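So that you can see what the record holds, here are the features copied from TrEMBL:
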DOMAIN    263-396  domain 'GGDEF'
TRANSMEM  34-54  transmembrane segment
TRANSMEM  66-85  transmembrane segment
TRANSMEM  97-116  transmembrane segment
TRANSMEM  122-140  transmembrane segment
TRANSMEM  147-166  transmembrane segment
TRANSMEM  172-192  transmembrane segment
Amino acid sequence: MSTLKSRYDVHWLTGQFCEYRTESMYRRIIKTRARFESCLSLILASLVFGMFAITDYQLLGFTKEYYLLVAMRIVVVSLCILLAFIIGRWGNYFRRIWLHALPLWIFATGIILIVPLRPDSLATQVTAVVVATMAFFLLIPNLLTVVTFASLYLSIGFLAAAVLFADISPVVTLRLALLLVMTNIVGFCALLRLENLQRKQFGLLQKERSQNHHLLKEIALRKDLEAQLRMVAERDALTGLNSRSHFMKRAKALLQRSRLEKKPFSLFMIDVDHFKNINDTWGHTHGDWVLTKIAEACMQSLRPTDVIGRFGGEEFMVALPDTGPDNAQIVAERLKKKVAELPLKEGMSEMRLSVTIGIALANSEEADLDSLITRADQSLYVGKRDGRNRVVMCREGREDGGS
Ligand SMILES: Nc1nc2c(ncn2[C@@H]2O[C@H](COP(=O)(O)OP(=O)(O)OP(=O)(O)O)[C@@H](O)[C@H]2O)c(=O)[nH]1
């Protein structure tokens with residue numbers, strides 16, 4: 001938070017950000033608006049400056065001074081309109097700030113040059129200088145430092161021209177100097193306040209944006225964590241199959257749906273035969289590898305609508321919706337065969353991999369999944385007892401053993 005604060009601190013005298021990078025970013029962001037405002041102000045100021053040729057004529061008539069003044073006004077207006085065009089196209093407020101400052105110096109020179117050509121109308125010109133100074137500070141979008149130098153040049157130049165060409169007394173000179181000092185101070189303070197407020201507003205906006213950005217990152221992180229937690233809860237870490245709890249949830253939903261739709265439903269309980277021997281002979285790493293291969297075989301042999309889960313240890317469960325006794329028997333036999341044909345790791349060739357599958361078929365009286373599991377487990381027990389490597393189906397109290 002403290003770094004953010006210092007990053008957006010505004011200098012009390014220049015009205016700019018203390019940190020160069022922040023100031024550059026600010027100018028880059030406002031460059032389009034600043035460019036447009038510069039162009040518009042320059043065109044308007046040029047028009048006003050040119051229109052004063054009418055009052056020149058009223059005061060001077062068609063004299064040499066009048067022609068000189070008109071020529072000077074044409075030069076100033078042309079230069080400023082040309083600059084407005086250049087600023088419109090290439091006036092990068094970020095890098096070419098001098099391009100935005102140049103018109104101010106041209107206008108100031110034009111205003112100063114009026115004094116020797118029209119020394120009699122000094123009172124009107126003083127008003128024009130005061131208005132021009134305020135316009136420099138407030139209307140033409142520029143940096144405080146740039147405007148201050150241009151405005152000081154106008155004030156000092158005008159005062160010097162008034163002393164040299166309008167022959168004013170020391171008292172009037174002092175009054176004029178004080179008036180110009182006051183005008184500059186007021187303009188400076190007003191623009192300083194404006195620049196300060198604009199930058200503070202910008203700083204607040206940036207802080208808010210960065211907080212929003214952090215918040216979005218945090219939300220994404222949390223979502224990621226949630227997904228990971230869900231994954232841990234729903235998936236078995238070794239095989240990637242459904243975890244026991246998630247299998248139960250999904251299988252219950254499938255069973256309920258089958259009941260509602262009055263469709264058959266089967267449940268397999270698969271147990272790897274003599275798995276302890278595998279672990280004892282080739283070690284747990286090989287045992288784990290065998291379990292993943294059996295999981296893969298299950299996924300490959302079954303339909304995407306069937307739900308497979310690891311029930312624990314070397315036991316797997318499969319919920320098969322829309323599957324009656326005949327199909328269940330066929331699928332289980334196919335799965336048993338697939339497991340028996342699984343290519344094994346080097347050195348395990350003498351091993352005969354097999355599974356025993358207990359099948360339970362849902363019937364209308366059955367209340368829940370647990371009793372179906374109990375029946376599948378009973379079938380499995382029968383299969384193990386009768387020599388393993390077989391499929392046993394529990395049908396209303398009696399078991400049908402397969403080979
Ligand atoms: N490698 C490995 N072994 C496991 C895992 N979970 C359980 N086991 C082992 O699986 C073996 C299961 O042994 P038993 O319950 O005796 O069953 P079995 O040897 O397959 O015998 P039958 O089921 O009667 O054919 C035990 O040795 C467990 O330690 C596992 O995630 N990885």
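Just so it is clear, glycine is given a Cβ too, placed from its N, Cα and C backbone atoms.
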- Query: Is the count of Cβ pairs under 8 Å between the transmembrane segment (97-116) and the transmembrane segment (172-192), pairs 6 or more apart in sequence, 3 or more?
  - Reply: no
- Looking only at residues six or more beyond either end of the transmembrane segment (66-85), which have a C-beta under 8 A from one in the stretch? 38-39, 42-43, 45-47, 49-50, 52-53, 56-57, 60, 99, 102-103, 106-107, 109-110, 113-114, 117-118
- Could you count the residues of the domain 'GGDEF' (263-396) that DSSP puts in helix, in strand and in coil? 59 helix, 33 strand, 42 coil
